[in-house]
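A.B. asks: I have a structure here, written as C-alpha cells, and I will follow up with some questions on it.
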C-alpha cells in the first residue's frame, strides 16, 4: 500500500494521480445500449423478453413470468431466519425515521401588495429502482432506494432486479417486501432501464430511475436522462479516514478493508499527522488481511488505489479531504465536532471512533447511496428530496400588477421582447 | 393554429404528437464538441483564445483581453438609462428576497442511545454561469442564475458570455454588476464550458455550471457532467394556459405570444372548457398579431407547435396539464386556489388573471429557469438548493454501537461482506 507525505514537493501531483480514475464512457457500450433502448422503445415487452432470455440465461415465454408477485416477496420475507428478518426490519425502521426529517413542505408568503409567492412541493408519481442481481446482490440498497421514495409520497415504486439463470435472492425479495415496493420485475441491464424509461405493454413508464448498476446500466441511464430523471452515475466506492491516532488501529484497518472489499477499484485512504500511528495501522493491515474471505479483492484494491498519507496537522488533513470530497469520510478523532466545520465536501461524515462506516451502510439511518469521484463538491446523498420536486407559485394582486408591470415592461423592452412587455402592460390600469 | 377537442377519439394521439420534440443529440455536434473539450483540457488558455477568435470573430492575443474587469461591469451599469438601472435593481431585490426563503439549513438530532444523526448543508465553493451572447442577450438570466448562487453562499461566481465581434451588451454587464458576479470572461460555446469544467491557466475550475446555451453548449454540458455538476439540459420554452373564460381574451392571447416570440419551436397551448371563449382568444390572436415586431416568429411558433384545446371541464384540464407537465402554467381562472391542489406537475404556476407569465419572467421573485419538455414531472426550478449540498452526519455513541453493530453484522454477513461485519463487531464490547 503506497505511503505519501504531504510535505513532499510533488505531493499534489501524487494526490492527483491517486484520485485519477477514467470514468470514460465506452463508445462500444454506448452503441450497443442505444440499439437495445431503440428496440425496447419500438417493440416493448417482446424485446425485453428476448434480451432477458439472451443475457440472463432465462427462457421466459410470457412477460408474466418476469414479474414477481407481492405473494412471492412476502414468502421470501417469511422464509428468512429470524435474525435476518429482524435486522432487516430494524434497519428499515431507522432508515425511515431519519428520512422523514428530510421531507420538504410547501410554503408561501404574501408581500406588501397582497401578491402571493411560494413553492408547492409534490412527490413524483412513479419511480423505478434498479437493483443489481447475481453475485453482488445488496438488499440494503433496496431499502436505501425504496424508503426515501416511499417517505416522499411516491405512489408507485417499480423495482427491477435481474435474476441470472432464474436465481432469486431471498434477502433482496424480502427487502422489497419490507420497503413496500409496488411491483417488481426480474429484468436487468439496458433493457430494464429502457422498459422503465419508455414503458412497455406490461412495465409502466416511470418518472425517475435510481439505483446502481454495471456499465450497461450506467450508459443506459445517461442516455435516457431527460426523458426521465436519474439519480447519479456512480463511480467506484471510496473511504477517507482522517485519524488523530486515538482510535484502535485494528478498527481503522478494518474500516479501510470494508471499502476495499467491494471492488478492486474501490479506494481507501488514511490521513494522519502521526507517522507512528500510520505504521501501527499498516501493521494492523498486515495482521488482519490474511483472515479476510475477500482478501484478494482487498489486497488488490489497497495496492491499486489505496494510500496511507502522513500530513502536517489536522487542519491540513481537512483541506486535503475537501479537495478529495470523499464519498465516505471518517473523522476518527477524539473531538470530531471541533473539526466538522472545516469539512465542506463529503458524502457522509462518520464521527468518532465508534462510528464505523459499516454502521452507516446498513442501519444508522442516513442513506448509503452517496456521491463518488469528487462529486460531493456539488451533489448530495440520495434522499427524500430526490423524489419530491417544487413548482413556483405566483399570484399577483391587482396592486402588485401595477408595480411589477412597470418593472417587467422596462426589462422586456430592454431585451427586445415586445409581447412580454405588452402582456405586462395590458394588466396596467 | 391547430384546434383540438379532448372528446375526439384520437385526442391522446394528437396530444402526444403535439408534444413530441426530438431533443436528440446530434452525433456530429457531439463529436466536434468532444474535440474542443479535449483541446481545452490539454492546452488551456491558448486553445480557448484560438476558438474564441475563430468562432466569435475576435482577435485576442492575450487572455487578459477576454476578461471583463469589475470596473467595466460597474461602468456599464452607470451608463444605463435611469429607468433600466432602477428596474434591474428592483428585479434583483425581489428575486433575492424570494430566494432567501429557499436556503436550506443544517439539522441534527440525537436518538435514544445518544447517537447523533443529521445533515450538514454547505454551499458549493465556485460555480460558473453561462450567459448567451449576441442577439439573444438576456440580462434577466444573469440575475436568475447568479442571485441564487449568491444567496446559497457560493464564494466565487464566474460568468462567461460570448461577445461576437467584440460587441458587449451593457444590460448583461450591468446585471452581472448588480448580481455580484466575481469574475467575467467574454468567451462562449463548448470552449467556455471546457474552460470552466477543467480550469485553464486563467479561468478557475468550477464545481457546477448553470445557464442556457445553444446546441454546442448543451452538448458540452452533457459531456462534462460528472466532472462538474450541471443544472439541466433545457429544451424549447413552453406555456400552458388553463382558462375558465373569465380573463380578457386579449390578455391570454398576449401571454401565448410572449412564449411564442422566443423561438419558432416554442410551444403555447390553451386549455378551456368554453368553446366560445376559445373562439374569442383566436380572434384576439388574429387582431393582435400584426402589430407585434416579432410577428413572424410568433406566427411560426403558433402554427408549428401551438394549440387551442377545448376540454370537457376544468378537472380534465388539470389532468391534461399534469400529463404535459408544462414549464410555465397559467391558472387564468376566477378561483385558482381551488384548482391548485389538482396541479401536480408544472415548473411554475401563475395564478389568477393579473399574473402574466412575463411578470414572473422578470421580477415577481421566483426563478425563470424552469424544467422543460415534461421534465417538471421529476425536476424543479433552478434555486438556492442547486448551489447547496448536503453531507450526512452520523456520530454513533458507545451504546449505539452495541445495538447497531449487531444489526449491521447480520446484514453484512447476509451480503457476504465480512470486513463490513467485522468493522461493526470490533466496536462491540
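All positions are counted from 1 along the displayed chain.
Glycine is no exception: its Cβ is also placed from the backbone N, Cα and C atoms.
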A.B. asks: For the Zn(2+) site that TrEMBL assigns to A:259, A:262, A:420, which of A:170, A:207, A:313, A:361 is also named?
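C.D. replies: TrEMBL names A:361 for this Zn(2+) site.
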A.B. asks: Quick check on the annotation: TrEMBL has A:259, A:262, A:328, A:361, A:415, A:420 binding substrate, so which of A:237, A:379, A:380, A:397 does it put in that site too?
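C.D. replies: Matched candidate out of A:237, A:379, A:380, A:397, per TrEMBL for substrate with A:259, A:262, A:328, A:361, A:415, A:420: A:237.
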A.B. asks: Quick check on the binding-site residues A:191, A:237, A:259: which one has the highest count of other Cβ atoms within 10 Å of its Cβ?
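C.D. replies: When each Cβ's neighbours within 10 Å are tallied, A:259 leads.
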A.B. asks: Quick one: what's DSSP say for residue A:327 (active site, proton acceptor), helix, strand or coil?
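C.D. replies: Looking at the DSSP assignment, residue A:327 (active site, proton acceptor) belongs to neither helix nor strand, so coil.
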A.B. asks: Consider each pair of residues in A:130, A:191, A:214, all listed by the record as binding NAD(+), and report the largest Cα separation in Å as a whole number.
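C.D. replies: It comes out at 13 Å between the most distant Cα atoms.
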A.B. asks: What kind of secondary structure is residue A:214 (NAD(+) binding site) part of, going by DSSP in three states?
C.D. replies: coil
A.B. asks: Would you count the other C-beta atoms found within 10 angstroms of the C-beta of residue A:328 (substrate binding site) for me?
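C.D. replies: Taking every protein chain into account, the count is 27.
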A.B. asks: Would you list the binding-site residues among A:130, A:191, A:214, A:361, A:415, A:420 that come within less than 8 Å, Cβ to Cβ, of chain B, in the order they occur in the sequence, writing 'none' if nothing qualifies?
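C.D. replies: It is A:361, A:415, A:420, listed by sequence.
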A.B. asks: Distance between residue A:237 (substrate binding site) and residue A:191 (NAD(+) binding site) at the Cα atoms, whole Å?
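C.D. replies: That comes out at 25 Å between the alpha carbons.
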A.B. asks: Let me make sure I understand the structure: which of the binding-site residues listed (A:262, A:420) has the fewest other Cβ atoms within 10 A of its Cβ?
C.D. replies: A:262
